[in-house]
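Worksheet: the structure to be examined is printed underneath.
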Amino acid sequence: MAQKPRTVICVGDIHGYISKLNNLWLNLQSAIDPSDFSSALVIFLGDYCDRGPETRKVIDFLISLPEKHPDQTHVFLAGNHDFAFSGFLGLLPRPSDGSDLKDTWKEYSKSEETEGWYTGEGFEDMHLQGRRWAGKIKATFNSVKGMAYKGSIYDAGSTFESYGVPHGSSDLMKAVPESHKKFLTNMVWVHEEDDVCIETEEGLKHCKLIAVHAGLEKGNNVEEQLKLLRAKDTSISKIQHLSGRKNVWDIPQELDDKHTVVVSGHHGKLHIDGMRLIIDEGGGFPDKPVAAIVLPSKKIIRDTDNLSS
């Protein structure tokens, strides 16, 4: 008898909403066969912080999973928000090319004033995105998202507040517990699985899976991109695979006929197109759900589903 394919759960952007995460987890437990759930591979697609009110509690929840569900495998991808949070806390690895983290400022220096980059304690050796994350943006309203900014261009104010400090305060560096710093340090930029099953119109297919927060760039060599992500190359000012938009939306052409699933969050949309899975229905908005996709079935589970008893 053929072995049953392993269940893979990919969870979209959480953005500080602990109640949504709790409800989603209960719904996943209700919707999935108990033995499949207990042995599942669970990939969190990044963006745990910012926008919502309870980043601290979200990270506490994620840290608790390996002990509560020891037979599951948990993967925590870095989103662009989590990367910037880590950059502010001084948790990013040094650039392997010998450059300094402050060298990442130059490319975007024209935006320093309007984005109000952080200039407090420790800024001199901080990655660009850490400075942007803790900065104080001049504009008060984000016209693209149709909502007010929460402190910075990243809406990081709510993350500071969840740790009991005001936005932009260097006190956050001491307020974040060591267990949270370890979690942020250990996040991966990409996760690869050689054999994941997915249901298609032609039946069940065995595929490679690549999970990365925003996606892979369409026109560039895939292996070179994966090398950069595996190595966590912090010499780059803006990492497209974590923060790009149109340029990382599609599957790279060289993967078109290679049975490779590319799964991401980030884009504020739920988009299922063949082997390209984008799971971010919530986008950090208070009134939108946090969603997950379950493989092989491609079933979508949301925190708003009335499944748990």
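Here the Cβ of each residue, glycine as well, is placed from N, Cα and C on the backbone.
The annotation divalent metal cation 1 binding site is assigned in Swiss-Prot to D13, H15, D47. Under the three-state DSSP scheme, D13 (divalent metal cation 1 binding site) falls in the coil class.
The DSSP secondary structure for R132 (substrate binding site) is helix. Annotation for R132 (substrate binding site): same-chain Cβ neighbours under 8 Å, separated by at least 6 residues, are A84, E115, W117, Y118, S152, I153, Y154. Residues annotated as substrate binding site in Swiss-Prot, with experimental evidence given as evidence: H15, R51, R132, K238, R245.
In three-state terms derived from DSSP, H266 (divalent metal cation 2 binding site) belongs to neither a helical nor a strand segment and is classed as coil. Swiss-Prot lists D47, N80, H213, H266 with the feature divalent metal cation 2 binding site.
According to DSSP, H81 (active site, proton donor) sits within a helical segment. Residues or ranges marked as active site, proton donor by Swiss-Prot on the basis of experimental evidence: H81.
If you take the CA of D47 (divalent metal cation 1 binding site) and look 10 A around it, the recorded positions you hit from H81, H213, R245, H266 are H81, H213, H266. For K238 (substrate binding site), the recorded positions whose C-alpha atoms fall inside a 10 Å radius of its own C-alpha are N80, out of D13, N80, H81, H213.
Taking H15, N80, H266 as the binding-site residues under consideration, the smallest Cα distance to R51 (substrate binding site) is found for H15. Within the same chain, the residues at least 6 positions away from N80 (divalent metal cation 2 binding site) whose Cβ sits under 8 Å from its Cβ are G46, D47, Q129, H213, A214, I239, L242, S243, H266, listed in sequence order. Long-range Cβ neighbours of H81 (active site, proton donor) (same chain, at least 6 residues apart, Cβ-Cβ under 8 Å): H15, G46, D47, Y48, C49, D50, W133, Y154, A156. Each of the binding-site residues R51, H213 was scored by how many other Cβ atoms lie within 10 Å of its Cβ, and the smallest score goes to R51.
Cβ environment of D13 (divalent metal cation 1 binding site): L45, G46, D47, G79, G265, H266, D280, G282, G283, G284, V290 lie under 8 Å away, each six or more residues apart in the same chain.
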